[in-house]
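> Dumping the structure here so I can ask a few things about it.
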């Protein structure tokens, strides 16, 4: 296990098929909360318990308030240098690059990440800006939907200069179900187009990732994820078992270091902020990173 950037650069230069597995830590420097670990609370609620179909069925107004806040925060945030570094890598035609992201904030897209061809990203947990009908028999969806708030009743009671953490739980308004977004076709509730705990992922996306690994992945870079949610958590192990190299980039990389690895642990561990580390780590392939003055925008 190494944290030597020069040695990593040598591996990177010799890699033709590169996989990145991205989690919430990628967007932390953009000011978005990760909602993981000890701080994973929204108001007085465990954020992970709100991300379930059962929670939406029982408490649709509460769940929509949570996701309305996340949509607002993502729209206010800006892509950070890590997003731009990965976007540059996606445009490099000397490598085949597969980016698998668990993030739903849209910042990779806004940084200009390729969305077509073999280097397109796989957004396996969906998007905050995709809206689906909750009726399984109805196929209605909207993408992208940037309305903020998505419904007038979901406007947030946050005074200027304060954050949602400053608002007491008692001051959040009760939102009536009839005031939530409803499907214009079947009139059932609309829901965020994200994959909740207990729901199936898009098998077409997963098949593309599995095929990429089977055909020979030289390097897997794991960025800002705790390695606890499958199948993304298993990709680095699969690459390692097939002879590829694995690098971890995370503020707290201990979760991966402490895992059982049948073929040895990660080859590289870089502890720190992905926004600072990734541009340096990828520089031999992407060149010196230049952040555009104007955000590339939503490329779909």
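Backbone N, Cα and C define each Cβ position, glycine as well.
Unlike curated entries, TrEMBL annotations are predicted automatically.
The following feature annotations were taken from TrEMBL:
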ACT_SITE  125  active site, proton acceptor
BINDING   133, 138, 183, 186  Zn(2+) binding site
DOMAIN    1-288  domain 'Deacetylase sirtuin-type'
> State the count of C-beta atoms found within 10 angstroms of the C-beta of residue 133 (Zn(2+) binding site), not counting that atom itself.
23
> Sorry to bug you, but what's the C-alpha spacing from residue 125 (active site, proton acceptor) to residue 186 (Zn(2+) binding site), rounded to the closest Å?
25
> Near the Cβ of residue 138 (Zn(2+) binding site), how many other Cβ atoms are there if near means within 10 Å?
15
> Using a 10 angstroms cut-off on Cβ to Cβ distances, just flag whichever of 183, 186 is the loneliest among these binding-site residues.
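Each of the binding-site residues 183, 186 was scored; lowest Cβ tally within 10 Å is 186.
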> Quick one: pull the CA-CA distance for residue 138 (Zn(2+) binding site) versus the residue listed as 'active site, proton acceptor', whole Å only.
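About 20 Å separate the Cα atoms of these two residues.
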> For residue 183 (Zn(2+) binding site), which of the three DSSP-derived states applies: helix, strand, or coil?
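DSSP call for residue 183 (Zn(2+) binding site): coil, neither helix nor strand.
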> Can you list, in sequence order, the residues of the same chain other than 133, 138, 183, 186 whose CB lies within 8 Å of the CB centroid of the Zn(2+) site?
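So the additional residues around the site are 134, 135, 137, 139, 140, 185, 187, 188, 190.
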> What's the number of neighbouring CB atoms sitting within 10 A of the CB on the residue listed as 'active site, proton acceptor'?
22
> I want to verify one value. Collapsing DSSP to three states, which class is residue 133 (Zn(2+) binding site)?
strand
